[in-house]
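Pulled from Swiss-Prot:
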COMPBIAS  1-14  compositional bias 'Pro residues'
REGION    1-24  region 'Disordered'
TOPO_DOM  1-63  topological domain 'Cytoplasmic'
TOPO_DOM  85-111  topological domain 'Extracellular'
TOPO_DOM  133-139  topological domain 'Cytoplasmic'
TOPO_DOM  185-210  topological domain 'Cytoplasmic'
TOPO_DOM  232-256  topological domain 'Extracellular'
TOPO_DOM  278-314  topological domain 'Cytoplasmic'
TOPO_DOM  336-351  topological domain 'Extracellular'
TOPO_DOM  373-417  topological domain 'Cytoplasmic'
TOPO_DOM  439-445  topological domain 'Extracellular'
TOPO_DOM  467-518  topological domain 'Cytoplasmic'
TRANSMEM  64-84  transmembrane segment
TRANSMEM  112-132  transmembrane segment
TRANSMEM  140-160  transmembrane segment
TRANSMEM  164-184  transmembrane segment
TRANSMEM  211-231  transmembrane segment
TRANSMEM  257-277  transmembrane segment
TRANSMEM  315-335  transmembrane segment
TRANSMEM  352-372  transmembrane segment
TRANSMEM  418-438  transmembrane segment
TRANSMEM  446-466  transmembrane segment
Amino acid sequence: MSDYPPPNYPPPNHPQYQQQQDETYHVRPDMERQQDFGYYEKPTPSQNFDDSFKVEKPKFNDWPFAIFFWLVVAGFIAVAGITLNALRSTYGFQGGSIYGSGNTFTLNTNTIILFAFIIVMAFILSAAIIVFARLAPKAFIVTGVILNVVLGIGTAIFYFVEKYYSAAIVFLIFALFGAWCYWSSRHRIPLSATILTIVIDVMKMYPSTLIASFIGLIFSAAFSALFSIVIVATYVKYDPNSNNEACSVGGGSCSKGKLIGVLVFVFFAGYYISEVIRNVIHVVIAGIYGTWYYLANSDQGAPKHPALSSLKRALTYCFGSITFGSLIVSLIQLLRQFISILRSNFAADGNGWGVCGMIILDFFVGFIDWLVRYLNKYAYCYVALYGKSYIKSAKDTFDLIRFKGMDALINDMFINTALNLYSLFVAYLVALLAYLYLKFTKPEYNSGGAFYAPVIAFAFLIAGQINRISLTVIESGTATFFVALAKDPEIFQMTNRNRFDDIFRNYPQVLEKITSDH
């Protein structure tokens, strides 16, 4: 650090960045021209994480949402107990393998085995993607885009040949959109590769990032397995078919209304719990990256065990904030599921105008879903580093978007688009596996093809969710790095001069810093 002199800040009203003879560009500290010179959230060097990232007046933020979450978990466990008991009691009727089920009217053990294949395949592909990203960051971005375009078009062609036109059109749209993203953003890939390389280097320095991601992947896969079985068991327990033996098992009688009501709750709880798992991992990894950015090169050194300290904060003071933001996303996901069901019903009735209306509505709700997820990603970085409530973190995020919005969006377009495309890649393969499985095993409940759409859609959803959680380590590292770079770029300039210069060449706005605090 002695080789790099500290930044010599320009006067507050100086309109240009100053450049000395050593070609060092200095950071403007007063981007917003505010008068609150008392601002300083910068962590202080210490061997203790809580002392470095100090929380003033520690308290359990947003605790009512944490209580609500645990009530949802309790409800899910209760439903799981009732439905799994019905599945166990009628196990011989459902069948114990791929073939030989007496249940010919709804999902059975044939589907459970399919979901097991789906989860294992998604798990293996997710682990392989993390290894690839660590070994070749630039190739990770380029290959991710190209591979998804090729696979998407190939899958669409396959479905066209099979005359499964609805799936073919959906996959073709995804493929064409991926091609457009690559073509329009190819000149920005060097900046993305630089940032991704930095994130991967930190992964190498802190193996706890990978350990946290792997543990999250295990938890997500385990919950996905339980979620999948509970969905099947719910159909088994509450389907009102006269041949359903599970109706006589404890837990209430069968009816269409009960089936729909329980499924709505199960899907909501599944979305909610999955989101909380994902965001807890995000907060833990954000704490590790924050430790590296601010304290790795300090005289005192970085705090010990940042992952455990971040996990402790995520599950105590910050847990209510995590469940708050996750609830918003889960409700939006549930609304999108309702829209999808209505669209399917309109299509079955031949109501073209209804289908068009639902497609338009789904587009707007999908945009809101993307926007909330986008804001949550950065808000949770503030939650992780400063222990703030969800609302205060959201306000800080709005300031970040207000002054760095386009920069953050561009940053996300290149790295996170690649991550999302890898998630789509996994989902493509798993959805194709689900289709082929149903086609070749020919379960009786799908003799008319009525279960192709829901099973394939669920396979696509669950595989994408597992993969997104596994890639949280990269997404969280990128978001945390951008937040820290926006608030304190001079630290990175002093401690990582060459990397900072690489970023500056592609992103001169890095010299502007945000000084607001809520």
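Backbone N, Cα and C atoms are what each Cβ position is placed from, and that goes for glycine too.
Across the residues of the topological domain 'Extracellular' (439-445), the predicted structure has a mean pLDDT of 72. The transmembrane segment (64-84) is in contact with the transmembrane segment (257-277), judged by 3+ CB-CB distances under 8 Å for residue pairs 6 or more apart in sequence. Long-range Cβ contacts of the transmembrane segment (140-160) within its own chain (Cβ-Cβ under 8 Å, at least 6 residues beyond either end) map to 132-133, 167-169, 171-172, 174-175, 178-179, 181-182, 189, 192-193, 196, 414-415, 417-419, 421-422, 424-425, 428-429, 431-432, 435. Two recorded stretches are said to be in contact when at least 3 C-beta pairs lie under 8 angstroms, sequence spacing 6 or more; the transmembrane segment (164-184) and the transmembrane segment (315-335) fall short of this definition.
Applying DSSP to the topological domain 'Cytoplasmic' (467-518) sorts its residues as follows: 41 helix, 1 strand, 10 coil.
With a threshold of 8 Å between CB atoms, the same-chain residues lying at least 6 positions outside the topological domain 'Extracellular' (336-351) that come near it are 267, 357-359, 361-362, 365-366, 369, 453, 457.
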